[in-house]
Amino acid sequence: MIPIQLTVFFMIIYVLESLTIIVQSSLIVAVLGREWLQVRRLMPVDMILISLGISRFCLQWASMLNNFCSYFNLNYVLCNLTITWEFFNILTFWLNSLLTVFYCIKVSSFTHHIFLWLRWRILRLFPWILLGSLMITCVTIIPSAIGNYIQIQLLTMEHLPRNSTVTDKLENFHQYQFQAHTVALVIPFILFLASTIFLMASLTKQIQHHSTGHCNPSMKARFTALRSLAVLFIVFTSYFLTILITIIGTLFDKRCWLWVWEAFVYAFILMHSTSLMLSSPTLKRILKGKC
């Protein structure tokens, strides 16, 4: 059990982190959305960032409401909020992976004909790929939606005698639900890892190939990109591991350590959100023009 003062302190830290992420997400959507209305077209990276901004905005509000309902034992509200959090969490993972795939396809120097064909196809079909990630998220969330419906039904029958056979079947289903959610996060994370490794290998190869021109702007840009990619890799991997531990939910006493853990998790998410803001040339150009 931790002191109430520490609980309040970490609760405030978590709320401040959440509000910062919400403001960042709103800024990304507002700035890039305005640019879209003006020029009537967006680069694929900006399409992903707008989608990520909307997804993360909804995810953060769902997270805040979900955590407060969990802390104050508002079970009926919690069941509906959990499915919302899971949906936007899985969608955010897919969009982050697509962003890395885009950079890998766009920046990598591999010249294999399959890679070149993939580059041509992916860049042409990017809006459909975004729609596909939304559809995949909708499909993977179905077990969680069924599980939440069952949980709501159980809450309405708390006063009735329990059937042990039915209870066992429901526990087995919840195990399957957990496995489905884990797989839904692991697949885009593996995609992120593969794309990041390919991209880092390509940038390292380019740096070694042009090692004589160490001070030219092109080399500096490659070094900066490689350093940024390494930071993104560490932050996103930490984000994935903390979310996975959160889903497992057996490491900590929820009531006791909830706000400490959430403040820790969302510190990584805040760093990741900030790094994404700095990854858009359009966003940086517009914000510099406003300053």
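Backbone N, Cα and C atoms are what each Cβ position is placed from, and that goes for glycine too.
Sequence-distant neighbours of the transmembrane segment (2-22) (same chain, 6+ residues past either end, Cβ-Cβ under 8 Å): 56-57, 60-61, 63-64, 67, 256-257, 259-260, 262-263, 266-267, 269-270, 273. The feature transmembrane segment is assigned by Swiss-Prot to 2-22 (among others), with sequence analysis given as support.
What Swiss-Prot lists as topological domain 'Cytoplasmic' is 23-41 (among others), and the listing cites sequence analysis. Counting same-chain residues at least six beyond the ends of the topological domain 'Cytoplasmic' (23-41), those with a Cβ under 8 angstroms from any Cβ of the stretch are 49-50, 52-54, 56-57, 60, 273-274, 276-277, 280, 282-283, 286-287.
Sequence-remote contacts of a segment are chain residues at least 6 beyond its ends whose Cβ falls under 8 Å from one of its Cβ atoms, and for the transmembrane segment (42-62) they are 18, 21-22, 24-29, 32-33, 35-36, 81, 84-85, 88-89, 91-92, 95-96, 98-99, 102-103, 123, 126-127, 130, 273, 276, 279-283. Per Swiss-Prot, the feature transmembrane segment maps to 42-62 (among others).
What Swiss-Prot records for 63-84 (among others) is topological domain 'Extracellular', and it gives sequence analysis as the kind of evidence.
The N-linked glycosylation site feature in Swiss-Prot is assigned to Asn80 (among others); the stated evidence is sequence analysis. Long-range Cβ contacts of Asn80 (N-linked glycosylation site) within its own chain (separation 6+, distance under 8 Å): Asn148.
Under the heading transmembrane segment, Swiss-Prot lists 85-105 (among others).
Annotation source Swiss-Prot lists topological domain 'Cytoplasmic' at 106-125 (among others).
Sequence-distant neighbours of the transmembrane segment (126-146) (same chain, 6+ residues past either end, Cβ-Cβ under 8 Å): 44, 47-48, 51, 82-83, 86-87, 90-91, 94-95, 98, 102, 173, 176-177, 180-181, 183-184. Summarising the annotation, Swiss-Prot assigns transmembrane segment to 126-146 (among others) and lists sequence analysis as the type of evidence.
What Swiss-Prot records for 147-182 (among others) is topological domain 'Extracellular'.
According to Swiss-Prot, the feature N-linked glycosylation site maps to Asn163 (among others), an assignment based on sequence analysis.
Per Swiss-Prot, transmembrane segment is recorded for 183-203 (among others), and the stated evidence type is sequence analysis.
Per Swiss-Prot, the feature topological domain 'Cytoplasmic' maps to 204-228 (among others); the stated evidence is sequence analysis.
The transmembrane segment annotation in Swiss-Prot covers 229-249 (among others), and the record cites sequence analysis as its basis.
The average per-residue pLDDT of the prediction over the topological domain 'Extracellular' (250-257) is 55, rounded to a whole number. The topological domain 'Extracellular' annotation in Swiss-Prot covers 250-257 (among others).
Listed as Cβ neighbours of the transmembrane segment (258-278) (distance under 8 Å, sequence separation of 6 or more from its ends, same chain) are residues 2, 6-7, 10-11, 13-14, 17-18, 20-21, 24-25, 27-28, 49, 52, 56, 63, 67, 70-71, 96, 99, 228, 231-232, 235-236, 238-239, 242-243, 246, 252, 284. Residues or ranges marked as transmembrane segment in Swiss-Prot (evidence: sequence analysis): 258-278 (among others).
Residues annotated as topological domain 'Cytoplasmic' in Swiss-Prot: 279-291 (among others).
Across the topological domain 'Cytoplasmic' (23-41), the DSSP tally of helix, strand and coil residues reads 17 helix, 0 strand, 2 coil.
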